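Structure first, commentary second.
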């Protein structure tokens, strides 16, 4: 009964037909779409599964985040930048190195100088405004005073205002004239009054030698040097270096303001006997060791040459041959033996020639006895060679 009642109760419920019907066939997904299973997780619940999650390494946190989808806390990167140089840095050390560098210091100095210039300009503008207000104050005060008078004095008030305006215009015109005159006088008087030495001290530059210095002491040391003095002597023509005008260069080209008086000239150094054609060559010669040694009195160094005339005069290389005027004796009586000399003398006596050579019997070349004829004959043998007569001579 219980089972029947149970089934009967269930059959009477309206939800039963829905359970009894067979399920609909599932839809076949397409080949391109892959089925994904949703895996919703509560982040707080899953973090509780890993009690040491906050103490884990960053790599382990990244793996868990990739697997379970934990959102890692995103830290905002601190941006370090320099607004003056328009640069961004990755770390504090880079920023500190930039702030200590020369590039940042130069830009900061330029910015400060611009600010100072702007301040000076604003100060000048404020001074001009105060000056104009001072000049206009008498007019306003006079007008205020005249406004307080009665209506019968209108003509006198207008006359006073005209007079005051004329006075102010005269004052302003006189001031402008005095300023322009002072400026013109200053411009006209400054070039002739400023000498070359004063200009060099002001600019820290020697226009004669074309040398720039950093202080007045360096300029004095340069002026007391030998190079500057020799250049002055060359310009004045009072020293050992003489200046001569270059041929064909008169009246050519405009005259420069920084003319040193040494352009378009040739120079001759009397100490070294050297001619140069320009100012730069003169400077090079003055700074050379040769000129310095000659100016200090040192003897010139001998140049290497295989054909030096001085060495030839002191140490002759050749051998002088002296020829006597007397005729030399003939060599034949000395070379030939005594019998030949005797035969020649006998022939001369036989001819009875007045120009016969009478020679004293000379000693033989070899003091030994004459060779026996047996040695001069060829040795016996099957081969016989004809021997020429042997003549002994010292050469």
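One-based numbering along the chain as shown.
Glycine is no exception: its Cβ is also placed from the backbone N, Cα and C atoms.
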Matching range for Swiss-Prot feature annotation, zinc finger, among 18-48, 49-79, 80-110: 80-110
Correct range for zinc finger (source Swiss-Prot, candidates 267-297, 298-328, 329-359): 267-297
Per-residue pLDDT averaged over the zinc finger (80-110), given as an integer: 88
